[in-house]
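First comes the structure, then the notes that go with it.
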Amino acid sequence: MACDGAKKPLLSGLADPTSQRIDECRSYRRRFRHVKSAPVIEFVPSDFNGNGPIPRYESIFGGLHQSLKQVAVFLAIYLGLGTVCFYAVRDDIKGKKSNPIVDSLYFCIVTMTTVGYGDLVPDSAPVKLLACVFVFTGMLLIGLILSKAADYLVEKQEILLIKALHIHQKLDSAAFLKEIETNKVKYKSYLAIIILSVLMLVGTIFLSMVEDLDIIDAFYCVCSTITTLGYGDKSFSTGYGRMFAVFWILTGTIGLGLLFLYIAELFTENRQRALANWVLTRRMTNLDLEAADMDDDGVVGAAEFVIYKLKEMGKISQEDIALVMKEFEDLDADESGTLTASDIMAQTTQTYN
């Protein structure tokens, strides 16, 4: 790989003698290690067609906040429509009832989260079909909440947790951001455990005081609810209890789903880190050198070495490299093996023409 990096291709061989390469490569390595990152893209609209500048936003939380609003709108539409529909067919729903409107909203939540206590059940063919529609659309909405809104809310609390854990340490902004990036999934798991524990405690106390269940039965009902088992022998039967259940069941089931998601992500991340550590600590062999030599010139430059190691870690694939190289070749208008401002200008002119 050329050490001047400006006149020769990125992965080209070195033509200079060894004695002349050393000083040049030292300065090149310094530039390579301090290469600037591409600007962070916080949000790309779904209708972005690749032409023109990419819209920029002030912060990543702004884009996430927009997703949170969209999820809130979808949830409101689902619950509103479900409550109206189930209220209209309330006479075809049998079971232990309280307030008609509360029961309709409660039945909508129980259907959406697949808890299905059995205390309220459809009693006619049309209502059963209606329940089938709402259970599938509800599951889709739960998935959307898990991927958008809930993750956003956890991230907002993640900063507070890190500050609390490091309250006796003075972390500058760079160290703080590094701590977040390094242990992000671990802190999310901690938060999910805390949130779920609080929800279970609140639910147990509420069931014991309002639904008049003993502590064991209340805890049993909490566990069967958030895991969506919904045996049905213990459930919310009073009007106040079902009003509470509308919010508690939704947050509890989503909280447990988030916890399982973060635990799986944590195991995956640990495996990736172990693989990366093995790749970076094992000794380089002649076979590795031959495999890393992408342009078959007998030497391995810094870029070739980095690409080879990233492939070993599973960070990139050969298909990824091929796509990037194709884009490079398309941008390299003069076919010099390097990109300059004139190449970018030529590509921009060609796009607008």
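Keep in mind that glycine also has a Cβ here, set from the backbone N, Cα and C atoms.
Annotated transmembrane segment per TrEMBL: 71-89 (among others), in sequence order. Within the chain carrying the transmembrane segment (71-89), a Cβ under 8 angstroms from the stretch's Cβ atoms is held by residues 100-101, 103-105, 107-109, 111-112, 124, 126-127, 130, 134, 137-138, 141, 144-145, 148-149, all 6 or more beyond its ends.
Under the heading domain 'Potassium channel', TrEMBL lists 75-154 (among others).
For 101-121 (among others), the entry in TrEMBL reads transmembrane segment. Through the fold, the transmembrane segment (101-121) approaches residues 78-79, 82-84, 86-87, 90, 93-95, 131, 134-135, 138-139, 141-142, 225, 228-232, 235-237, 239, 242-243, 245-246, 249-250, 253 of its own chain, all at least 6 residues removed from its boundaries and within a Cβ separation under 8 Å.
Taken from TrEMBL, the feature transmembrane segment covers 127-146 (among others). Panel annotation: around the transmembrane segment (127-146), residues 71, 74-75, 78, 82, 85-86, 89, 92-93, 108, 111-114, 253-254, 257-258, 261 of the same chain, lying at least six beyond its termini, place a Cβ under 8 Å from a Cβ of the stretch.
Sequence annotations record features per position, and here TrEMBL assigns transmembrane segment to 190-209 (among others). Long-range contacts of the transmembrane segment (190-209) within the same chain, counting only residues at least 6 positions beyond its ends with a Cβ under 8 Å from a Cβ of the stretch, are 154, 157-158, 161, 215, 217-219, 221-223, 225-226, 234, 236, 241, 244, 248, 251-252, 255-256, 258-259, 262.
Taken from TrEMBL, the feature domain 'Potassium channel' applies to 194-268 (among others).
Residues or ranges marked as transmembrane segment in TrEMBL: 244-264 (among others). Within its own chain, the transmembrane segment (244-264) is flanked in space by residues 102, 105-106, 109-110, 112-113, 115, 142, 145-146, 150-151, 154, 185, 188-189, 192-193, 195-196, 199-200, 202-203, 206, 210, 222, 225-228, 236, which lie at least six positions past its ends and keep a Cβ under 8 Å from the stretch.
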Summary of DSSP states over the domain 'Potassium channel' (194-268), given as helix, strand and coil counts: 58 helix, 0 strand, 17 coil
